[in-house]
């Protein structure tokens, strides 16, 4: 038999008042249309506790004991990739049998949420120490220092990259309406590699890399794109060039070329893409390109260059102005990858 609805507080008070006035249980039941047994229970509670409201009910007992909850929390703190089934097996070994849904609810009630693990570069101790040293060395640099940096990097942009995960609003049974689908081709439809650079003022040139890039090709890209970008962006004297530690970048011939052209190079920690704000611009570019839906590689190259040139200067300036926040995040996370 299911639970009956509790009487309102006003009705309980009326029952007690009528009882105080000398009215019997049956008459009160008839007047208020309430069962005699209910009348008796309310009056007994009033006589015993001098109250007309129900005391708080404890509800159903917890399926997992406090000790079991503590064991679960300790496990997920030490091994975040632990599955609900593994936790259920651990509890079963401790003579507590619960379903996976109960385990999930318990973890959520204690502040844990199931999320996809972020993909980050594999960091060795030397990488972590290098990131910490870089952050400590530059933490107190003034914003004017970062305004003199010309950031650079390479990236691959696929023809159907971000489009492959586009979301649509549709009605039931309309999943395969052409308007609600994303065309795909085998092997992703191809991709293009780009080299690009930017400063706090605006984006520099964007160059398509054709074929496999070696040291000689990289130096040609620097000659035809880095130097013109530095002039167009009016970097002035004392500007600093940033690139990562790719072997083509650190080759002796490349170092000699940079020295010959009087280009000062920033010392850069390996495996630290989150320290390079151009990564944020690559994401911005890919989102913009996906919205225009290029249909072939020729369109992809044209649209990439158009959208790269149209990125607002304010976006570039914000990435550089807030650079110290990246350094603070690296220190806070002890040299490991950050949200940037």
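Backbone N, Cα and C atoms are what each Cβ position is placed from, and that goes for glycine too.
Predicted automatically and left uncurated, TrEMBL annotations should be read as such.
Over in TrEMBL, the protein carries these features:
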- 1-52: domain 'Sleeping Beauty transposase HTH' (DOMAIN)
- 71-140: domain 'Transposase Tc1-like' (DOMAIN)
- 149-300: domain 'Tc1-like transposase DDE' (DOMAIN)
Within the domain 'Sleeping Beauty transposase HTH' (1-52), residues counted as helix, strand or coil by DSSP: 34 helix, 0 strand, 18 coil
The domain 'Transposase Tc1-like' (71-140) [mean pLDDT, rounded to integer]: 89
